[in-house]
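Taken from Swiss-Prot, the feature Zn(2+) binding site applies to His113, His117, His123.
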Amino acid sequence: MSIELDLQIACENENGLPSEKDLMTWLNAVIPQFQPQAELTIRIVDEKESHELNHEYRGKDKPTNVLSFPFEAPPGLELDLLGDLIICRQVVEEEAIEQNKPLLAHWAHMVVHGSLHLLGYDHIEDDEAEEMESLETELMQGMGFEDPYIAEK
């Protein structure tokens, strides 16, 4: 069981970001439950890059907390490459304040949430959202964090 992480820090201020060790802890709590090996990129960006990508790929004219770009292997090619997570530092920090959550817990939630997207989970339909949120809650609580959706319940 191994996870290869390509960590890219593409924001001006690196102070207060989760460590690579934190990111690996969170990834190891999720991915091995679905597949034994994986390779992925986590790119931590500023609002400008998040806004541009969110506009280009989702048609949304604003930055967002996390974007997931699953790798789609050509037919007949099997790779452990999961894809890329793009996480916007400022949005995560603002949401943590708005939702009255510890910042580290919200970072963990964004990594868990994005990883589940890379593994094929989605939340477009209500039943999918319920399944994904339930799994996120279970994984977060398994790492000692509170239910990330407690404020919505």
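Glycine is no exception: its Cβ is also placed from the backbone N, Cα and C atoms.
Projection of Swiss-Prot feature records onto the structure.
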residue : record              : contacts (Cβ under 8 Å, 6+ apart)
His113  : Zn(2+) binding site : Val66, Met132, Glu136
His117  : Zn(2+) binding site : Val66, Ser68, Pro70
His123  : Zn(2+) binding site : Ala129, Met132, Glu133
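Highlighted in sequence order, Val66, Ser68, Gly114, Leu116, Tyr121, Asp122, Met132, Glu136 have their Cβ within 8 Å of the centre of the Cβ atoms of His113, His117, His123, the residues recorded for Zn(2+), and are not part of that set.
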